[in-house]
Amino acid sequence: GNELLEAGEECDCGTPGNPCCDAATCKLRPGAQCAEGLCCDQCRFMKEGTVCRIARGDDMDDYCNGISAGCPRNPFHA
């Protein structure tokens, strides 16, 4: 419950109100793919191609990849 994902944890159990994470075990609840992240929505990975970070300046938007909760940087990141 320290807001860090540590070895053996699938999710951080620091937020008992998180519906995706079992606060007692720090494991994802049955059926959950993720508990947090820019590409996690209602315990599921957002579909590939969903914008997760809007471009700033000369950069380009970043998109979810459909297989993780993180928001990968585009290959042209400035």
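Cβ from N, Cα, C; glycine included.
Residues annotated as disulfide bond in Swiss-Prot: CYS11-CYS26, CYS13-CYS21, CYS20-CYS43, CYS34-CYS40, CYS39-CYS64, CYS52-CYS71. According to Swiss-Prot, the feature domain 'Disintegrin' maps to 1-78, an assignment based on sequence analysis. Feature annotation from Swiss-Prot assigns site 'May bind to alpha-V integrin (ITGAV) subunit' to ARG53, ARG56, ARG73. What Swiss-Prot records for PHE76 is site 'May bind to beta-3 integrin (ITGB3) subunit'. Under the heading site 'May bind to both beta-3 (ITGB3) and alpha-V (ITGAV) integrin subunits', Swiss-Prot lists HIS77.
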### Query
Looking at the disulfide-bonded residues CYS11, CYS13, CYS26, CYS71, whose Cα is closest in space to that of CYS34 (disulfide bond)?
CYS11
### Task
Across all the protein chains here, work out how many other Cβ atoms are within 10 Å of the Cβ of ARG73 (site 'May bind to alpha-V integrin (ITGAV) subunit').
12
### Summary
Within 10 A of the CB of CYS20 (disulfide bond), the number of other CB atoms across every chain shown is 20
### Summary
Whole-number mean pLDDT, the domain 'Disintegrin' (1-78), equals 89
#### Entry: Spatial neighbours of CYS13 (disulfide bond), counting only the recorded positions CYS26, ARG53, ARG56, CYS64, ARG73 and Cα distances within 10 Å
CYS26
### Listed recorded positions CYS39, CYS40, ARG53, filtered to Cα within 10 Å of ARG73 (site 'May bind to alpha-V integrin (ITGAV) subunit')
ARG53
### Message
Are there recorded positions among CYS11, CYS26, ARG53, ARG56, PHE76 that sit within 10 Å of CYS40 (disulfide bond), Cα to Cα? If so, list them; otherwise say none.
### Response
none
### Query
Could you state the CA-to-CA distance between ARG56 (site 'May bind to alpha-V integrin (ITGAV) subunit') and PHE76 (site 'May bind to beta-3 integrin (ITGB3) subunit') to the nearest Å?
12
## Note on the structure
The most crowded of the disulfide-bonded residues CYS13, CYS21, CYS40, CYS43, CYS71, judged by neighbouring Cβ atoms within 10 Å of its own Cβ, is CYS21
### Task
Just give me the nearest neighbour of CYS43 (disulfide bond) among the disulfide-bonded residues CYS11, CYS21, CYS26, CYS71, Cα to Cα.
CYS21
### Residue distribution over DSSP helix, strand and coil in the domain 'Disintegrin' (1-78)
0 helix, 13 strand, 65 coil
### Task
Could you check the disulfide-bonded residues CYS11, CYS26, CYS52 and say which one's CB has the most other CB atoms within 10 Å?
CYS11
### Message
Of CYS39, ARG53, CYS64, CYS71, PHE76, which is closest to CYS11 (disulfide bond) if I measure between C-alpha atoms? They're all recorded positions.
### Response
CYS39
